Amino acid sequence: MADNLVIVESPAKAKTIEKYLGKKYKVIASMGHVRDLPRSQMGVDVEDNYEPKYITIRGKGPVVKDLKKYAKKAKNVFLASDPDREGEAIAWHLSKILELDDSKENRVVFNEITKDAVKESFKHPRGIEMDLVDAQQARRILDRLVGYNISPVLWKKVKKGLSAGRVQSVALRLVIDRENEIRNFKPEEYWSIEGEFRYKKSKFTAKFLHYKNKPFKLKTKKDVEKVTAELDGDKFEITNVNKKEKTRNPANPFTTSTLQQEAARKLNFKARKTMMLAQQLYEGIDLKRQGTVGLITYMRTDSTRISQTAKDEAKQYIEDKYGKDYLSNRTAKGKQGDQDAHEAIRPTSTLRTPYEMKAYLTRDQHRLYKLIWERFVASQMAPAILDTVALDVTQNNIKFRANGQTIKFKGFMTLYVEAKDDKDNEKENKLPNLSKGDEVTATQIEPAQHFTQPPPRYTEARLVKTLEELKIGRPSTYAPTIDTIQKRNYVKLESKRFVPTELGEIVYEQVKDYFPEIIDVEFTVNMETLLDKIAEGDIGWRKVIDNFYGSFKLDVERAEEEMEKVEIKDEPAGEDCEVCGSPMVIKMGRYGKFMACSNFPDCRNTKAIVKTIGVTCPKCKDGDVVERKSKKNRLFYGCSNYPECDFISWDKPVGRDCPKCNHYLMEHKKGRSSQVICSNCDYKEEVQK
């Protein structure tokens with residue numbers, strides 16, 4: 001038996017670290033938390049100063065037994081769980097279970113799992129930081145007090161199996177508030193005028209800007225006619241040319257939030273998937289002859305700080321690959337209020353390029369690693385330099401403006417450009433080289449009617465960004481929060497955007513009326529600030545909980561007495577049960593709506609609700625094409641006569657045949673655009689709107 005025992009959370013991490021430390025160290029995994037509050041009871045004694053009652057997590061008995069066996073034989077036990085509050089709490093629970101000496105410095109932390117970083121950390125063990133543990137305990141106890149008190153009220157008054165949590169309730173509120181904005185939105189008419197102009201052989205477009213040298217809003221068609229009536233002929237003059245040089249700086253390296261956002265936009269990954277892949281890259285990848293190496297730094301962080309060593313290595317790579325002109329001369333500033341003094345998410349070595357790592361990674365691991373690597377290296381590169389030009393095109397004091405932009409020096413854009421949540425569809429408007437006084441010819445003046453649009457629903461990326469901007473939750477809570485409100489069927493995804501369900505809105509209304517603090521953004525933000533103060537040792541955790549629980553307990557008592565029972569009525573399905581002939585009804589289940597026989601429990605017939613798209617099956621010519629969902633929740637199209645007809649397609653049939661070969665046409669989506677195609681020949685056309 002080795003003299004030194006090291007305990008980490010996962011087998012993958014254990015395997016990587018044991019190779020670095022050598023034969024004198026035995027590294028084993030605790031498989032995450034080993035102690036927690038019991039599931040069968042609240043586990044917090046509110047009469048005894050909120051003392052938590054921790055028990056060994058069900059199923060962890062054999063793990064704890066092994067940990068005790070190895071700890072008894074070892075001379076030294078090191079606790080090397082993750083470098084955050086959750087990791088500190090795991091170390092503390094392990095210390096208690098194994099009855100380790102509190103005065104010993106046996107806590108080891110590292111931000112990256114590389115040989116040098118791990119070996120260096122073992123030279124500087126420290127004691128467990130109880131302020132960090134207390135911050136985690138406070139969060140856990142607060143969440144338990146909220147969930148364990150509100151959930152039974154919801155079971156009694158609304159429906160069994162419901163829950164309401166501190167952070168999840170605010171996330172649900174954001175989705176519902178946005179939906180209400182959309183419902184209450186009243187579109188307003190407005191117009192635009194776009195002109196197409198020619199200068200010699202070049203053409204460019206410009207948009208209406210001023211009427212009689214003043215800004216003029218085009219609210220109606222009459223406003224447009226007022227402007228166009230003043231135009232005389234097709235000759236216009238260039239009255240101003242404004243050229244500027246603009247620099248565009250690279251984005252900072254990733255934090256947890258920005259990684260989740262960018263992976264959603266660029267890779268179409270859900271937050272949970274992003275974090276799972278990042279964990280794998282952090283804990284270690286087998287690089288064959290090089291051994292197992294952690295490829296990225298710790299992935300739960302809100303810091304944009306980068307170590308000097310990492311900066312120097314990146315700069316050397318950039319100079320060798322692109323030349324000195326591409327080196328950044330900026331001094332990047334880390335975010336104020338970075339928690340726990342972590343670094344940003346970055347590759348542990350710039351020299352391990354995505355191309356070289358591809359052979360050792362799965363497709364999705366490689367895509368995420370490439371994103372992290374490129375974002376980090378780009379953050380250390382020179383800004384891009386853009387030449388912008390604005391042309392004023394005028395006739396009779398009616399002014400149009402054309403804006404153009406060309407890249408003078410690509411800088412970091414050579415490697416990486418940040419994605420945007422909502423890309424505008426404007427094409428690049430390259431402008432001819434014009435001077436003040438030049439004459440141009442209008443080839444077309446085109447008015448267009450528009451209506452203002454409601455605010456868009458939240459994508460997962462936008463919801464994560466909003467939670468971070470509002471300072472709700474921590475890097476480790478974004479993915480689980482979004483996952484929870486989906487699993488509870490409080491929200492659903494439609495076209496990759498969140499829509500509240502009927503159940504979600506009912507739960508929200510009840511929580512809003514009786515537990516206003518729980519869904520209050522400012523209250524939740526203030527609580528996060530208090531948790532940070534606990535971590536910094538500025539306030540005691542019991543005081544924070546006591547200040548909250550006094551008023552919350554009164555809210556619970558009022559809800560139990562006054563909250564009216566909500567009856568979620570079954571909606572008629574409009575068809576009869578094929579088993580017993582009773583009417584079918586639409587019920588709300590854990591995974592959404594489904595059809596069930598109203599004669600339950602005597603008849604237990606159920607079936608899924610299918611949505612037809614108004615197109616006859618192109619294969620059997622009898623059934624209807626219906627929307628279905630795969631096991632991975634991906635939309636596909638099938639025939640209502642299944643299994644008699646096995647028609648299936650990822651692309652949506654449009655109900656027309658190809659004019660070239662008479663095969664059926666389908667709408668094929670690629671990214672944000674769609675095209676009607678024939679799968680049998682090369683025929684293509686634009687989607688009819």
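Here the Cβ of each residue, glycine as well, is placed from N, Cα and C on the backbone.
Annotation source Swiss-Prot lists domain 'Toprim' at 3-113, citing sequence analysis. The Mg(2+) binding site annotation in Swiss-Prot covers E9, D82. Swiss-Prot lists H33, R139, R140, D143, Y148, W155, R300, R488 with the feature site 'Interaction with DNA', giving sequence analysis as the kind of evidence. Per Swiss-Prot, the feature domain 'Topo IA-type catalytic' maps to 129-557; the stated evidence is sequence analysis. According to Swiss-Prot, the feature region 'Interaction with DNA' maps to 163-168. Feature annotation from Swiss-Prot assigns active site, O-(5'-phospho-DNA)-tyrosine intermediate to Y298; the stated evidence is sequence analysis. Summarising the annotation, Swiss-Prot assigns zinc finger to 577-603, 617-645, 658-681.
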Sparsest-packed among the recorded positions, when each Cβ's other Cβ atoms within 10 Å are tallied, from Y148, W155, Y298: W155
Long-range Cβ neighbours of the zinc finger (577-603) (under 8 Å; 6 or more residues past either end): 159, 161, 487, 489, 492, 501-503, 568, 570-571, 609
Proximal but sequence-remote residues of the same chain as H33 (site 'Interaction with DNA') (Cβ under 8 Å, at least 6 apart): I57, A89, I90, H93
Cα-to-Cα gap, R139 (site 'Interaction with DNA') vs Y298 (active site, O-(5'-phospho-DNA)-tyrosine intermediate), nearest whole Å: 21
Alpha-carbon spacing, R488 (site 'Interaction with DNA') to E9 (Mg(2+) binding site), which is rounded to whole Å: 28
Y298 (active site, O-(5'-phospho-DNA)-tyrosine intermediate) to D82 (Mg(2+) binding site) - Cα separation in whole Å: 8
Closest of R140, Y148, W155 to R300 (site 'Interaction with DNA'), Cα positions, recorded sites only: R140
Residue pair D82 (Mg(2+) binding site), W155 (site 'Interaction with DNA') - Cα distance, angstrom, rounded: 36
Minimum Cα separation from E9 (Mg(2+) binding site), reported as the residue among recorded sites R140, Y148, W155 that achieves it: R140
Helix, strand and coil residues within the region 'Interaction with DNA' (163-168) as assigned by DSSP: 3 helix, 0 strand, 3 coil
Arithmetic mean of per-residue pLDDT over the domain 'Topo IA-type catalytic' (129-557): 92
